[in-house]
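> Please read through the structure below; I'll follow up with questions.
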Amino acid sequence: MVSRVIPVDPFDLVIFGATGDLARRKILPGLYRRMCAGQMPQNARIIGAARSKLTDKGFRDMVREALETFIGKDALDKDVTKTFLGQLHYQHVDASGEEGWADLRTRLDEQPDHIRAFYLSVAPFLFGEIAGRLSSTGIATSTSRIVVEKPLGHDLASAQALNAQLSQCFDESQVYRIDHYLGKETVQNLMAVRFANALFEPLWNARHVDHIQITVSESLGVGGRGAYYDKSGAMRDMVQNHLMQLLCLTAMEPPAQYSADYVRDEKLKVIRSLEPVKPADTVRGQYRATATEPDYCTDAENPDSTTESYVALKVHVANWRWNGTPFYLRTGKKLRGRMSEIAVVFKEPPHSLFPTLPSHATNSLIIRLQPDEGITLRMTIKEPGPGGMRLVDVPLDMSFADALGPQSEGMPDAYERLIMDVIRGDQTLFMRGDEVEAAWAWTDPIIAEWAERARKPQPYDAGGSGPEDALALLHRDGRRWREISV
Ligand code: NAP
């Protein structure tokens, strides 16, 4: 199978913060890969913008180095790299000052027919200022797009303030709030599995599903960005956005159409259906030191930190479809392995015909986001051979890499796909302002209750499965977490 690439219209993409980590590590390598795939129009321009005083050549040299670091010197195609670098430009702009804006406008006006997109890969306190300047200088037109990165606020009030700033200058249809989890192939496949197959949807409800587990586990700690992380913690950094999005896509009703507002309306309904979480259904953890590596507080450069590097929650979606089926969410750093998955665990058969049914032999559908994106259906079958009806639990495994062969190698990563969606004007995989606010409205009371209790999070061993209380959260319901794979 050959990967099908749909060309996009000519565009100018201005990356504010083009000299920063995110641009060098993800955005620019992603754009290079889209060029390799043949999706970048020849006259598209990528204009880096930041305070550093670089020439076009200086910027191209910087990007070449970034491509060599993050894609690999040997993996770069010489001709494509040359063409790609040729389409890069640089404009020195101070987001908080006057410098550079008039020149940026002159550059963009050279190609008035191009789609204009502005990617704000800068600290969030600059979002409002940049949006305001783009609008007041006339650089942004009524068809321009603006892309903003997380964090989209740190609570409901700050998210509302950010949305208000953006909406003063841009219509909601022009705003693209990135949650890169939504750009992952498997996340979109979750919708395909649910809504393009007649098999699962009739079973996708509280009558047939015992519970759902959503896990995003990381093996690394916060070292390097500890001081930043310490201000947010796992709840703000992961649950409010990534896990919430996975929960929405798993729990939502089928939208009437696969289009941005239809999908986002259904996700919003899920968030609004979430019951407030009881304090007893929340667990916070902080990783301990190992023989060779420091503990969380040392990494965070804050010896008294009460910030969590782990969260587990038991969540109820209070609607007809899910009444009585809990969703268990967990995420943490320095765990046994790097793994993201959604596991839909079905109920046991109503009547046990076989006394030898293995324990925990319920069907489950596991949607793996990483590593090795794919889908597994766990089934109970007869163990081969004579000696009666012995049953065994086996996986029916579909790794995308195996199922799709070479086509999967060309699969765009989340950033590549999302940037091209911005150019196409497709907001389906981006969060709408009201979704972000609803997510904070649900998360804020949990965080407030933790702050009120002022308890230190429970310590857990680095390389383990998380704190004891997280195991107990499921044990007390007669369930257990799936193993975190190494
Ligand atoms: P960074 O490495 O600190 O880069 C910040 C960029 O902003 C630099 O290019 C800097 O260049 C530019 N900048 C700073 N002040 C400016 C101003 N007044 N006017 C114009 N440009 C200015 O940050 P980052 O890690 O790339 O992160 C960027 C954004 O993405 C942040 O909001 C972050 O939270 C978010 N994010 C990052 C990651 C990641 O993996 N890095 C992941 C998710 C979200 P000059 O100093 O030359 O101006």
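Including glycine, each Cβ sits where the backbone N, Cα and C put it.
These figures come from a predicted structure and were not determined experimentally.
As annotated in TrEMBL:
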type     : residues                                          : note
DOMAIN   : 14-189                                            : domain 'Glucose-6-phosphate dehydrogenase NAD-binding'
BINDING  : G17, A18, T19, G20, D21, L22, A23, R24, R51, K150 : NADP(+) binding site
BINDING  : H180, K184, E218, D237, K333                      : substrate binding site
DOMAIN   : 191-482                                           : domain 'Glucose-6-phosphate dehydrogenase C-terminal'
ACT_SITE : H242                                              : active site, proton acceptor
> Near ligand 1, which of the recorded positions G17, T19, D21, H180, H242 have CB less than 6 Å from any of its atoms?
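From G17, T19, D21, H180, H242, counting a Cβ under 6 Å from ligand 1 as near, the near ones are G17, T19, D21.
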> Of all the recorded positions given, H180, K184, H242, K333, which has the fewest Cβ neighbours within 10 Å once its own Cβ is left out?
H180
> Fewest other Cβ atoms within 10 Å: which of the binding-site residues D21, D237 wins that one? Let me know.
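Output over binding-site residues D21, D237: least Cβ neighbours within 10 Å is D21.
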> Across all the protein chains here, work out how many other Cβ atoms are within 10 Å of the Cβ of E218 (substrate binding site).
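I get 19 for this one.
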> Test of understanding: give the count of other CB atoms lying within 10 angstroms of the CB of A23 (NADP(+) binding site).
26
> Only counting partners 6 or more residues apart, tell me which same-chain residues put their Cβ under 8 Å from the Cβ of R51 (NADP(+) binding site).
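H92, V93, D94, A95 - these are the non-local Cβ neighbours of R51 (NADP(+) binding site), listed in sequence order.
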> Which one of these binding-site residues has the most other Cβ atoms within 10 Å of its own Cβ: G17, T19?
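For the binding-site residues G17, T19, the Cβ with the most other Cβ atoms within 10 Å is G17.
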> Would you kindly give the Cα-Cα distance separating H242 (active site, proton acceptor) and H180 (substrate binding site), rounded to the nearest Å?
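Roughly 8 Å, rounded to the nearest whole number.
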> What is the nearest of the recorded positions G17, T19, A23, H242 to E218 (substrate binding site), using the Cα of each?
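Nearest by Cα distance to E218 (substrate binding site): H242.
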> Select the closest residue to K184 (substrate binding site) from the following binding-site residues, measuring between CA atoms: G17, T19, A23.
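Nearest by Cα distance to K184 (substrate binding site): A23.
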